[in-house]
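K.L.:
Mind looking over this structure? Questions follow.
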Ligand code: KIV
Ligand code: ZN
């Protein structure tokens, strides 16, 4: 394989694999995973620190909110290529170009469907029209930036001869990356190997561009298919944190990256990911979206490095390699440790945050997090690193909010009707409500309604534990829905009802921000 000279990466070593993260685009567009702009920027900064090479920040033509978040990421997040997605349409491509304008390094990613099914039913276009659109869209994108990626949507179900013609047209028009997505997660590894090898061998100029794989997980094969594509010549991997994405999701970044790192004999490639930041990035995404990964999720699941059976534990004590193919530390797990107590001061807390990777918290967020830590240390016997991570993420995702939690007292039990006395701060003004309900959570939510009347409907309420034990912090998720739009809010606290109230007002604040962009008068108290 010859060396490729890439506009954003320079001379590329043949074994180097570009990690293209699409958590903020393919991931964010899946149901329940939407993020607001501040959350996207926080996530984008975490992805940059993780070492992704390209970050697909969004789909600027999809909505004004998408446009704004891509522009803000382009302005603020440095050291990584920022990509904006665009269909093969003039308006899409121009919007993408405008949104990424401020980026240090930029890319336009344009796509069109190429499979018979998509061309006939979705696009209602003849193959020759699609070919023309490939040339015109890539040519237009190239007028804005040297780094253009072209994707053949539903590429793995495309006739291979037609796929090769499209790829050739895209390369001739100036595309520097060619992505062949397995859009519906239909392929098996043998297909991927064959498709990528064929394109490389047959298409003139294919050895001068980066080939890319974008695999969906409908058959649970996204990671295997991605690796097979790399064996066939792909040198860019499109993936997401925790494998989030349309339907069953995309190839999971952490799995692909660790498969390459753990099995260099089978996958002799390299990437720039700082794997020790994987867990923290995964947890940040869970905190922002409110979806924890399943316990047995590879790499980042709670059980990924847990050894329960006596035989395994015995082996582990003798030599960890008996049952561990990678060290937990290599992906960011830390030995569970007693971090600090209630006598620890601000300096120790700041120091702890640094070791946990939160060196860049602003002074206000640091102060708020420190106060909550002191409060937690008063109530909880053992404060683990995980507790601090949950608490700080909880604080950081909140930012400047109109409604702030003040205090809560609850009376509940099997006899009296549960009662909640709640104090909130709304636009800087303290407000109190004393309400009853069909349970303590219901009473507390009624109190929120009394202080801040609103029409949003509660769609989901879930509770999980941050660590083990009866004094563990609860992490709650609340989903509110208004006029067909839903948002998720999260809250953590040792008191489950307080965590629930925090989650509720987090969701309410998100709805207020969302509505303010379209109808400023809505949702006001
Ligand atoms: O799955 C897919 O085909 C996509 C394209 C837009 C790249 O997400
Ligand atoms: Zn996709």
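Cβ from N, Cα, C; glycine included.
Residues or ranges marked as domain 'Pyruvate carboxyltransferase' by TrEMBL: 17-279. Feature annotation from TrEMBL assigns Mn(2+) binding site to 26, 214, 216, 250. Per TrEMBL, the feature region 'Regulatory domain' maps to 404-525.
Help me see these features in their spatial surroundings.
P.N.:
The DSSP secondary structure for residue 250 (Mn(2+) binding site) is strand.
Assigned with DSSP, the residues of the region 'Regulatory domain' (404-525) fall into helix, strand and coil as follows: 35 helix, 51 strand, 36 coil.
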K.L.:
So which of the binding-site residues is most packed in, judged by how many other Cβ atoms lie within 10 Å of its Cβ, out of 214, 216?
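P.N.:
Max Cβ neighbours within 10 Å, all protein chains included: 214.
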K.L.:
Which residue, out of the binding-site residues 26, 250, shows the minimum number of other Cβ atoms inside 10 Å of its Cβ in this structure?
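P.N.:
Selected from the binding-site residues 26, 250 on minimum Cβ neighbours within 10 Å: 26.
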K.L.:
Report the mean pLDDT of the predicted model across the domain 'Pyruvate carboxyltransferase' (17-279), rounded to a whole number.
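P.N.:
Mean pLDDT, the domain 'Pyruvate carboxyltransferase' (17-279): 97.
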